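Swiss-Prot has this to say about the protein:
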- Gly224, Val225, Thr226, Gly227, Ser228, Gly229, Lys230, Thr231: ATP binding site (BINDING)
- Cys436, Cys439, Cys476, Cys479: Zn(2+) 1 binding site (BINDING)
- Cys445, Cys448, Cys463, Cys466: Zn(2+) 2 binding site (BINDING)
- 211-377: domain 'Helicase ATP-binding' (DOMAIN)
- 447-638: domain 'Helicase C-terminal' (DOMAIN)
- 1-99: region '3'BD' (REGION)
- 115-174: region 'WH' (REGION)
- 201-376: region 'Helicase lobe 1' (REGION)
- 388-431: region 'Helicase lobe 2, N-terminus' (REGION)
- 432-486: region 'CRR' (REGION)
- 487-627: region 'Helicase lobe 2, C-terminus' (REGION)
- 633-732: region 'CTD' (REGION)
- 320-323: motif 'DEAH box' (MOTIF)
Amino acid sequence: MPVAHVALPVPLPRTFDYLLPEGMTVKAGCRVRVPFGKQQERIGIVVSVSDASELPLNELKAVVEVLDSEPVFTHSVWRLLLWAADYYHHPIGDVLFHALPILLRQGRPAANAPMWYWFATEQGQAVDLNSLKRSPKQQQALAALRQGKIWRDQVATLEFNDAALQALRKKGLCDLASETPEFSDWRTNYAVSGERLRLNTEQATAVGAIHSAADTFSAWLLAGVTGSGKTEVYLSVLENVLAQGKQALVMVPEIGLTPQTIARFRERFNAPVEVLHSGLNDSERLSAWLKAKNGEAAIVIGTRSALFTPFKNLGVIVIDEEHDSSYKQQEGWRYHARDLAVYRAHSEQIPIILGSATPALETLCNVQQKKYRLLRLTRRAGNARPAIQHVLDLKGQKVQAGLAPALITRMRQHLQADNQVILFLNRRGFAPALLCHDCGWIAECPRCDHYYTLHQAQHHLRCHHCDSQRPVPRQCPSCGSTHLVPVGLGTEQLEQTLAPLFPGVPISRIDRDTTSRKGALEQQLAEVHRGGARILIGTQMLAKGHHFPDVTLVALLDVDGALFSADFRSAERFAQLYTQVAGRAGRAGKQGEVVLQTHHPEHPLLQTLLYKGYDAFAEQALAERRMMQLPPWTSHVIVRAEDHNNQHAPLFLQQLRNLILSSPLADEKLWVLGPVPALAPKRGGRWRWQILLQHPSRVRLQHIINGTLALINTIPDSRKVKWVLDVDPIEG
């Protein structure tokens, strides 16, 4: 009897075997309903079908129901998901279900759902409306129904309610019916509807190069300075793709930040543009997903998880702001959407465009190795003038709310000229260091030349590279000052302390806390554009693609947090943030200014960025990473473990380290650091520790991990901790 090997959404790296009853057939990629646990049925996805099982056949339960006649995934997405589960060492069931809309996970049909509507019956058309005058809601409802059908999901917006319609139904005056939406083929009347901008020479060259390779895999880095017209290149490439009857996937870092982008695509093309993001309800998400799969959607714009959308005939993938860290999932299945998008493009044999003003070092490394091709856009639209740059030395300055006196003076000047000011504060990813405010001394580990991380709760300094520790000094060993401060300031604290400095000036704080509610970001941005807010306080969210014509002063307040972080990636993140931020000032014919506050104005990173630009920084950083044998020249895997008592996690990781180093696959090129506390050592009441594995060969490191995972359950403490694997981590 055939055996179905079924993936279930459980945290176990295996499939489960079920018998297929006589007469029941199923294909890999189809959903089934199966018994699981005590008196419980679950939805599963068939990974394969065979005639054998590791268990005796008489011990296997049978599949209850097959939900699909054809796989819910296209062939290319199926291959992508199976490969990704293996590469990221994540349970196959969790991976497959992550890629499905919630309603499909729950067993809903993978087809356009019938759309229900109310209509007036023959009796309802003939009855005297005055007979309902004692029930005004019913009278209103029937009068409306006589004008035509009313869709069920529209009732909530009307003057009457569902109860009135149900009452009319009991009287035989109205009823419910349904119809399945017909497929509409946009290809029959496709045309470019919006206004085309004339491409400059660089843009035209880029579009032509990509078009010439349209029928095979090619990866293109579109490196364009802020305001150089990358979106116009995307639009022109999509014109060519849609003209061939193919579809396009456009991925963006934060869907809430790009209402302008969506509008530009919808205005440009006389074809359906669907949007996939976390703000959609379940029905909207399923509808967009199905339209992409059946070819009804010409363009899908979405965030990270949109990568797994099935397409009938995909012709190109665009990754906008490809350097953005939000493409990396940080919880659960820790995949990187940019990297998987390249795999998908290769599998589908189509071009992929990676666009950025500040490309990731991994992407630039692939360009150096001839895996990707480089296209440059160097001219800003309208020949806008670059912002004037200032570095303010904070040493010995009496700061207010984290602002130097010179910055406060500049802010007043710009505000008096009826302009707007942005203050950037970006703690995320920058580990706190200990700094002397008077002389600029930074607490540094003597064993490995990295900066100590300040642990406030334990009141000690700890090196996250070699694990050496020391108490927090009472005074600066360089100048004797007792003014030792942790680097960093919070946006909320800044907002509160700015108010008395600028009385009567409207202040708007834009960060994760203030924009979590649906529509909150759009509302705040509209207020900014109306001039309702004069001072904007924000994190890196504000650096992503917004155009603020009245912003003429931009200041970065916590530069030192990036310069002296324990995370080797923080310099790259800061360089990207600074370059993006500098493009926010003075974009509408007004001269812009950018101010950086630091205790170390002579720092080489600042000097390179200010006077040579991001490209020079990236070249220098890649050379340094190569010399230090850090990614992208080597591969990293982090194993994190956590517990409630701060005992089992480090013990488990030490046992795991011993297991790895004793493996016959481990060679002299494998480097293992730890166990050390995670950069955020305590979260949610749990203590977090980690070990880092590094190897110059990605393939070899994968083999080592595979061999280790097969034996991990032999470690005594493995069941006393929660542990996760992070392949190609982007945070220390």
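In case you wondered, yes, glycine gets a Cβ from its N, Cα and C as well.
Distance between Cα atoms for Gly224 (ATP binding site) and Cys445 (Zn(2+) 2 binding site): 39 Å, as a whole number. Of all the binding-site residues in the list Thr226, Ser228, Cys439, Cys476, the shortest Cα-Cα distance to Cys463 (Zn(2+) 2 binding site) is found for Cys476. A sphere of 10 angstroms centred on the C-beta of Cys445 (Zn(2+) 2 binding site) encloses 21 other C-beta atoms. The recorded stretches the region 'Helicase lobe 1' (201-376) and the region 'CTD' (633-732) share 3+ CB pairs below 8 A when only pairs 6 or more apart in sequence are counted, and are therefore in contact. Less than 8 angstroms from the CB of Cys479 (Zn(2+) 1 binding site) sit Cys436, Asp438, Cys439, Trp441, each of them six or more residues away in the same chain. Separation of the C-alpha atoms of Lys230 (ATP binding site) and Cys466 (Zn(2+) 2 binding site): 43 Å, rounded to the nearest whole number.
Residues in the motif 'DEAH box' (320-323) partition by DSSP class (helix H, G, I; strand E, B; coil) as 0 helix, 1 strand, 3 coil. Ranking the binding-site residues Val225, Thr226, Gly227, Thr231, Cys445 by Cα distance from Cys476 (Zn(2+) 1 binding site) puts Cys445 first. Spacing of Cys466 (Zn(2+) 2 binding site) relative to Gly227 (ATP binding site) is 43 Å (Cα to Cα, whole number).
Secondary structure at Thr231 (ATP binding site), taken from DSSP and collapsed to helix, strand or coil, is helix. Cα of Ser228 (ATP binding site) to Cα of Cys445 (Zn(2+) 2 binding site): a span of 43 Å. As a quick check, the region 'CTD' (633-732) and the region 'WH' (115-174) miss the bar of 3 or more Cβ pairs under 8 A, pairs 6 or more apart, so the two do not touch. Checked against Cys445 (Zn(2+) 2 binding site) by C-alpha proximity, the binding-site residues Val225, Gly229, Thr231 yield Val225 as the nearest.
When the region 'Helicase lobe 2, N-terminus' (388-431) is classified with DSSP, helix, strand and coil residues number 12 helix, 13 strand, 19 coil. Averaged across the domain 'Helicase ATP-binding' (211-377), pLDDT in this predicted model comes to 92.
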